[in-house]
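Handing you this structure, nothing more for now.
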Amino acid sequence: MGLSSDSPVRVEWIAAVTFAAGTAALGYLAYKKFYAKESRTKAMVNLQIQKDNPKVVHAFDMEDLGDKAVYCRCWRSKKFPFCDGAHIKHNEETGDNVGPLIIKKKET
């Protein structure tokens, strides 16, 4: 039972199924490229620090810093806002590469 010009319905059906499958494949690839990555990168960064505040902000006067200050950027420090090295474990567990913010006086 082969295709012939006598069966236009069968040829149209095959063309429609082929087009639908191609469209579905392109749609799936576009979804994987643009939307699947977004959903896994929108994880909560701050898991426990001042969760009752709408925004966590710390301000320090430059005179109060001394010669050097090291601040946490991974939100895992037990001494937050200061760094205690918790980013090392965080980086090992998540594959992240976050490190501390180091502020020091300019050497003259």
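Cβ atoms are placed via backbone N, Cα and C, with glycine included.
Annotations per Swiss-Prot:
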type     : residues : note
TRANSMEM : 13-31    : transmembrane segment
TOPO_DOM : 32-108   : topological domain 'Cytoplasmic'
CROSSLNK : K42      : ubiquitin cross-link
CROSSLNK : K55      : ubiquitin cross-link
MOD_RES  : K55      : N6-acetyllysine
ACT_SITE : K55      : active site, schiff-base intermediate with pyridoxal 5'-phosphate
CROSSLNK : K68      : ubiquitin cross-link
MOD_RES  : K68      : N6-acetyllysine
CROSSLNK : K78      : ubiquitin cross-link
CROSSLNK : K79      : ubiquitin cross-link
CROSSLNK : K89      : ubiquitin cross-link
CROSSLNK : K104     : ubiquitin cross-link
MOD_RES  : K104     : N6-acetyllysine
CROSSLNK : K105     : ubiquitin cross-link
CROSSLNK : K106     : ubiquitin cross-link
Roughly how many angstrom lie between the C-alpha atoms of K79 (ubiquitin cross-link) and K104 (ubiquitin cross-link)?
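Given the Cα positions, K79 (ubiquitin cross-link) is 19 Å from K104 (ubiquitin cross-link).
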Looking only at DSSP and grouping its letters into three states, which state does K68 (ubiquitin cross-link) belong to?
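The residue in question, K68 (ubiquitin cross-link), is strand (DSSP, three-state).
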What's the most sparsely packed of the recorded sites K68, K78, K104, K105, K106, counting other C-beta atoms within 10 A?
K106
Can you give me the Cα-Cα distance between K68 (ubiquitin cross-link) and K104 (ubiquitin cross-link) in Å, rounded to a whole number?
4
Of the recorded sites K55, K78, K89, which one sits closest to K105 (ubiquitin cross-link) when you measure Cα to Cα?
K78
Could you tally the C-beta atoms, other than its own, that fall within 10 angstroms of the C-beta of K79 (ubiquitin cross-link)?
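A count of 11.
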Tell me the coarse DSSP state (helix, strand, coil) of K104 (ubiquitin cross-link).
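Strand, per DSSP.
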Which of these recorded sites is closest to K78 (ubiquitin cross-link) if you go by CA atoms: K55, K89, K104, K106?
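For K78 (ubiquitin cross-link), the closest Cα among K55, K89, K104, K106 is found at K89.
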With a 10 Å radius around each C-beta, find which of these recorded sites (K55, K89) has the fewest other C-beta atoms nearby.
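It is K55 that, of the recorded sites K55, K89, has the fewest other Cβ atoms within 10 Å.
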In whole Å, how far does the CA atom of K55 (ubiquitin cross-link) lie from that of K89 (ubiquitin cross-link)?
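Cα to Cα, K55 (ubiquitin cross-link) and K89 (ubiquitin cross-link) are separated by 25 Å.
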If you average pLDDT over the topological domain 'Cytoplasmic' (32-108), what do you get?
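A mean pLDDT of 82 is what the model gives the topological domain 'Cytoplasmic' (32-108).
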Cα-Cα separation of K106 (ubiquitin cross-link) and K89 (ubiquitin cross-link), in Å?
30
